[in-house]
Amino acid sequence: MASARAQSNSWLLLISSALFLATLCAATSEYAPSLSEGYYEKTCPQAADIVEKYVNKFLKKDSSFAGALSRLQFHDCWVQGCDGSVLLNSTETNSTERDAHVNFGLRGIKEIDEIKAALEYACPGVVSCADIIIVAARDATFKAGGPWWPVALGRKDGRVSSDLLADGNLPFPVFNFTLLVDNFARKNFSAREMVVLSGAHTIGNTHCNGILPHLYNFTGANNATDIDPAMNKGFAAFLKKNCPQGNRTNTIFINSTPGKFDNVYYKSVLAGKGIFITDSALITDSLGKKIVTSFTKAKSTFFEEFAAAMVKMGNLGVLTGSQGEIRKTCQFVN
């Protein structure tokens, strides 16, 4: 009887894995028009190797930097689509996405420009900054122990960037579960996909700016005792030591394995050790808590679902043809 049950469980696991592989394949077959995996094969065949070389360089210096490159894709694609607009510098007459409140402390912009300079040397005017973000995010995640996924390329760079658009589209770290679900739904992502992509918080570090409301302003009282009551008390004390009230600029690792892409994030959230209000919010809803709990298991489908969600995200608002340009440097329009 036990043997039959074990065999049944094995078949269920095999079927589940096959279904999620089919989901990933379906996602990769629905690339935005004009995008393809072999887009640069003739015009810049060494592009992928150049990006990988620099990602290796950055991660060798700081393994937690994989988180910065992964999140840069989200912060770009969620505002006007995957057009590299998050990289643009502000001017005297325009405040860009990178200077939005929600993008405080955003990292990876200088490094993307470093990759771009190498690509311009090898293949002038060919590879877009938008595509570099997409490839670097995938490579960094994979090299940190996470999933690999195919990337379709051929995006053009946008010419418009606004801090107001960023603050109006990206979720703030104080969002509750309902606000998170609504934010993702506006991009045609489900509540489950929201929980999946929240798993990007399994790598990297963050500034205290996004943590302070969780520790000192949970109900709006803005004092030393206004803390999320669901937070683990020992963890709260640790965070307060590293993020004193009013200190926005200190940095702290985002979880206990900041350089390794794994499911520890979900275990931490369940244990009351979510670093942002958005993390803790995932288990305030029965559906969210069920998904989080499932991803703590050794045989969960977190990796497969994360890969599929990143592919789907890479299709948002893609510019092709004359809709955009290939910037010479990523921080300035041509």
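Including glycine, each Cβ sits where the backbone N, Cα and C put it.
Listed in TrEMBL as the disulfide partner of Cys243, from the options Cys208, Cys330, is Cys208. In TrEMBL, the cysteine linked to Cys82 by a disulfide bond, out of Cys44, Cys77, is Cys77. Which of Cys25, Cys44 pairs with Cys123 is settled by TrEMBL: its disulfide partner is Cys44. Of all the Cβ atoms in the protein chains shown, 30 others lie within 10 Å of the Cβ of Thr202 (Ca(2+) 2 binding site). When the C-alpha distances from Pro171 (substrate binding site) to the recorded positions Arg71, His75, Thr202, Thr257, Asp262 are tabulated, the minimum falls on His75. Of all the binding-site residues listed here (Thr202, Thr257, Asp262), Thr202 has the Cα closest to the Cα of Arg71 (site 'Transition state stabilizer'). Using the Cβ center of Thr202, Thr257, Asp262 for Ca(2+) 2, the list of other same-chain residues with Cβ within 8 Å runs, in sequence order, Gly145, Ile203, Asn255, Ser256, Pro258, Lys260, Phe261, Asn263, Val264, Tyr265.
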